[in-house]
Amino acid sequence: MKLTKTALCTALFATFTFSANAQTYPDLPVGIKGGTGALIGDTVYVGLGSGGDKFYTLDLKDPSAQWKEIATFPGGERNQPVAAAVDGKLYVFGGLQKNEKGELQLVNDAYRYNPSDNTWMKLPTRSPRGLVGSSGASHGDKVYILGGSNLSIFNGFFQDTVAAGEDKAKKDEIAAAYFDQRPEDYFFTTELLSYEPSTNKWRNEGRIPFSGRAGAAFTIQGNDLVVVNGEIKPGLRTAETHQGKFTAKGVQWKNLPDLPAPKGKSQDGLAGALSGYSNGHYLVTGGANFPGSIKQFKEGKLHAHKGLSKAWHNEVYTLNNGKWRIVGELPMNIGYGFSVSYNNKVLLIGGETDGGKALTSVKAISYDGKKLTIE
């Protein structure tokens, strides 16, 4: 539905507009949350997650284009895989899927899709770390991957849960032990990884100077890398943000200010936020958290989200001169979708909203330094 509404948000010092005249994009054929995607030229690829083993493409330069299904992904259904494009091909890594015993397990396989002949190929490699909750982006001839859950710990939790069968007391005991740990004891990935398709090799690009993350917003533009929030342990996010730069001596990192709290609310960090660049401005929006979890953690409760409800968000943040501010709100809460920068807009594709409902919508947001436009 197209909406026309302009509001001057004096509290946010910005104008934001719901545009009725700009290009709109067709909805996805199915709701896709916890999936992945990449942009190759003018064509966006989105799939997996709640979309099963399907991938879909949309030609963004064609105003009349519709989503098209491509060859079925051969690695089976999976949630939270990582994808990126290098040299005109799509690469998909890892994710979370059920094994033959019905146990949810992290997988570390890798696949390549070639648009020229609509074929997939399983690659003769495995990621050196677990790739659930990881975030990926391409730079030059490599895919860079940040963060992710520990394969052994994550898989062990699900194996123990399935082994407990219908014994609720045992399952509760397993869950309590799993969540009642310090962030560092989950051993989230703390190296920046890279994969180079031309050599089929993984590389440790150096330890990140901040805690391991799952579900962080991660973007590469030019030589700059930006990391926003993410989980530091299951159920607990951080409001921290960081910036890296590719140099001759490797990636050099610095801390940015924490993401600010919306007026009248706490800032409990975000996981599953969407991000990208518009007219040179870095935008972050959506994501989910457990309001009150940071407070409980600071009070000494390691199971920081115990008794709290998950909340999805709609604030739009921008980074300008090293400072964050809120410049508007989306018409709906959103998280765990796919975002991509295209034609000075950030496209928000699929995802989930309140209660975890999968979305089919495709929204576009843009910001010129004064006005946020939502299409």
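The backbone N, Cα and C atoms fix where each Cβ goes, and this holds for glycine too.
According to Swiss-Prot:
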type     : residues : note
SIGNAL   : 1-22     : signal peptide
REPEAT   : 43-87    : repeat 'Kelch 1'
REPEAT   : 89-140   : repeat 'Kelch 2'
REPEAT   : 142-176  : repeat 'Kelch 3'
REPEAT   : 177-222  : repeat 'Kelch 4'
REPEAT   : 225-273  : repeat 'Kelch 5'
ACT_SITE : Glu231   : active site, proton acceptor
REPEAT   : 295-344  : repeat 'Kelch 6'
REPEAT   : 346-375  : repeat 'Kelch 7'
- Report, as numbers and ranges, every residue of the chain located at least six residues beyond the repeat 'Kelch 1' (43-87) whose Cβ falls under 8 Å of a Cβ in that stretch; write 'none' if there are none. 23, 25-26, 28-37, 93-97, 107, 109, 111, 113, 115, 118-120, 122, 131-138, 141-145, 197-198, 336, 338, 340, 342-343, 347, 349-350, 358, 362
- Query: Where does Glu231 (active site, proton acceptor) sit in DSSP terms: helix, strand, or coil?
  - Reply: strand
- Cβ-Cβ under 8 Å with the repeat 'Kelch 7' (346-375): same-chain residues at least 6 beyond its ends: 14-19, 22-35, 37, 44, 46, 49-51, 58, 60, 272, 274-279, 281, 283, 285-286, 312, 316, 318, 320, 327-328, 330-340
- Message: With Cβ-Cβ distances below 8 Å as the criterion, list the same-chain residues six or more beyond the ends of the repeat 'Kelch 3' (142-176) that contact it, or say none.
- Response: 82, 84, 86, 91, 93-94, 101-106, 108, 127, 129-136, 186-189, 192-197, 203, 205, 208, 212-216, 218, 220, 225, 227, 230, 303
